[in-house]
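As structure tokens, the structure follows; a few thoughts come after it.
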Amino acid sequence: MVHNVVFVLGPPGSGKGTICAKIQEDFNYIHLSAGDLLRAERQREGSEFGALIEGHITNGTIVPVEITCKLLENAMKAAGDVRGFLVDGFPRNQNNLEGWNAEMTGKVDEKFVLYLSCPVDICISRCLNRGQGRTDDNEESLKKRVVTYNSQTFPIIEHFEKSGQVREVKSERPVEEVYADVVKLFS
Ligand SMILES: Nc1ncnc2c1ncn2[C@@H]1O[C@H](COP(=O)(O)OP(=O)(O)O)[C@@H](O)[C@H]1O
Ligand SMILES: O=c1ccn([C@@H]2O[C@H](COP(=O)(O)OP(=O)(O)O)[C@@H](O)[C@H]2O)c(=O)[nH]1
Ligand SMILES: [Mg+2]
């Protein structure tokens, strides 16, 4: 079975998780947050990757694609017959993109990339107020995450832009306004 996939990218705090949860509610798309899958794997009893994942998350660096892609593919297989998947926060760099293409080509139909763009100062304050007790929502980690986003992840958005696959929605606005524009992409 070929899985429909929409990538959801944007800086930390741009609202990827929030918007994906709303899309999942209103459309038969399943939200797969790569970050959430990694945090779950980090906690999993007997995981051999726990410490490695924790190090990357605290440092705002990016976990090797072999780990993340496997978690994503397992989640897709477990979901059964749905309209598609919102792959939230992935691919985050060239390694992720190449690994995903090598493993998933022929298994997925990439519909488009939803890019939530938002000024970095707003993103940082949102993360600092997120209140989810994450080990990376602090000034030090956020500084590193923004450097990683600018140097490694934004070039991936530019890659998709070259083939006209990017749908940008400005997300510094209130959630309702952002979501009203996002809905048009799924209707
Ligand atoms: N449009 C918005 N306006 C104000 N706050 C928002 C908006 N979208 C998300 N938030 C809040 O900002 C924080 C980060 O949102 P989240 O969805 O976790 O972003 P991301 O997954 O891109 O890091 C959360 O506390 C969320 O409630
Ligand atoms: O495909 C991914 C997704 C996330 N991460 C790591 O998990 C952290 C948090 O990612 P998440 O998407 O949850 O952060 P958000 O953008 O939602 O704040 C990132 O900074 C990375 O360290 C990763 O290595 N690969
Ligand atoms: Mg998120």
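In case you wondered, yes, glycine gets a Cβ from its N, Cα and C as well.
Remember, it's a predicted structure, so these values are computed and weren't measured experimentally.
Here TrEMBL flags G13, S14, G15, K16, G17, T18, R130, R173 as ATP binding site. DSSP gives G17 (ATP binding site) a helix state. Summarising the environment of G17 (ATP binding site), the number of other Cβ atoms within 10 Å of its Cβ, over all protein chains shown, is 18.
Residues annotated as region 'NMPbind' in TrEMBL: 33-63. In terms of DSSP helix, strand and coil, the region 'NMPbind' (33-63) has 20 helix, 1 strand, 10 coil.
What TrEMBL lists as ribonucleoside 5'-phosphate binding site is R39, T61, I62, V63, G89, F90, P91, R92, R134, R145. Taking a C-beta cut-off of under 8 Å and a sequence gap of six or more, P91 (ribonucleoside 5'-phosphate binding site) has these contacts in its own chain: F7, V65, L97, W100, I156.
Sequence annotations record features per position, and here TrEMBL assigns CMP binding site to N96. Taken residue by residue with DSSP, N96 (CMP binding site) is part of a helix. Within the same chain, residues at least six positions away from N96 (CMP binding site) with a Cβ under 8 Å of its Cβ are I62, V65, T68, C69, F90, I156.
Cα of G89 (ribonucleoside 5'-phosphate binding site) to Cα of G13 (ATP binding site): a span of 11 Å. In the structure shown, across all protein chains, K16 is the one of the binding-site residues K16, R39, R130, R134, R173 with the greatest number of other Cβ atoms within 10 Å. Here R39 (ribonucleoside 5'-phosphate binding site) is positioned 16 angstrom away from R130 (ATP binding site), judged by their C-alpha atoms.
Annotation for S14 (ATP binding site): spatial neighbours L116, S117, C118, C123, S171, criterion Cβ-Cβ under 8 Å with sequence separation of six or more. Checking the binding-site residues S14, G15, K16, R39, R134 against ligand 1, the ones whose Cβ sits under 6 Å from it are S14, G15, K16.
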